[in-house]
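Following: one structure in structure tokens, then a few remarks.
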Ligand SMILES: [Zn+2]
């Protein structure tokens, strides 16, 4: 297939969804933290990817809960699923690749169950609503599980090539897994943004991607790298169809949308966390620091007005947050 055809196909995946959703789509909420709320123990270097091995049916149920809550896009449990991470657990690289594919398959199964229920409840009404499955790619720091996911500081020895070599095979496998889009999430720095863009351009990746950055000051990425620079890289990459922010406190989102808008006309996506802070030493969330579903929702129309086209939640948001977002958008 010629490059231009691939680019057109990539662009239409999201534009079709947005058209059918009346210009604004809803992304799901936190996956890992929701698995934990249901009792999963994620204290493991594989984090939520551990559930791909131990409790795939719980992962499918959480995807289904988000669809029932109204999400138009569900994100697979591959955030911290890496071939290297599975190999350190004693699996073969082939098993690791199979688990990556499985993460997308589980999300697709949830979509199928959801659609079948719709058919049962609405016999003869052939109008299943469109749902996209996004294959999650977390950062190199998420794989290291040493906190660098939230500092973006990988040290001098990690180069662009290190990051490209780390991510390449996973991205290839996820691109061929049946997912509709690749979600590069919680991206902490510019080097990794560059690595993602180069992989998408150099490899024959024929599904679109979104780039989502993580900020802790409401201005730049967690590493201190310029959001404008990183969003510009995303803007220049033809396979990237949306750019935005995730896992960042709600209070910072409005300003971040305005910044991104300065450098791209691509759809802007945002899926903030609950605003709670994570205590890395105790390995737990500090509840009192967050916002309630009602507070979260009071932001939604402002984010929409500021220019966000895809809105959802990240860590510690739940299906009830997503339901409230849908309500605020009167979907
Ligand atoms: Zn998160």
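Cβ atoms here come from the backbone N, Cα and C positions, even for glycine.
From a predicted model like this one, the values you see are computed outputs, not experimental measurements.
Among the candidates 237, 247, the one that TrEMBL lists alongside 314, 315 as binding Zn(2+) is 247.
The Cβ of residue 247 (Zn(2+) binding site) lies under 8 Å from the Cβ of 185, 186, 214, 271, 272, 273, 314, 315, each of these being in the same chain and 6 or more residues away along the sequence. Apart from 247, 314, 315, the Zn(2+) site neighbourhood in this chain, defined by C-beta within 8 angstroms of the site C-beta centre, holds 30, 33, 186, 246, 248, 271, 272, 273, 274, 313, 316, 317. Taken together, the residues in the domain 'Hcy-binding' (13-329) have a mean pLDDT of 96 on the 0 to 100 scale.
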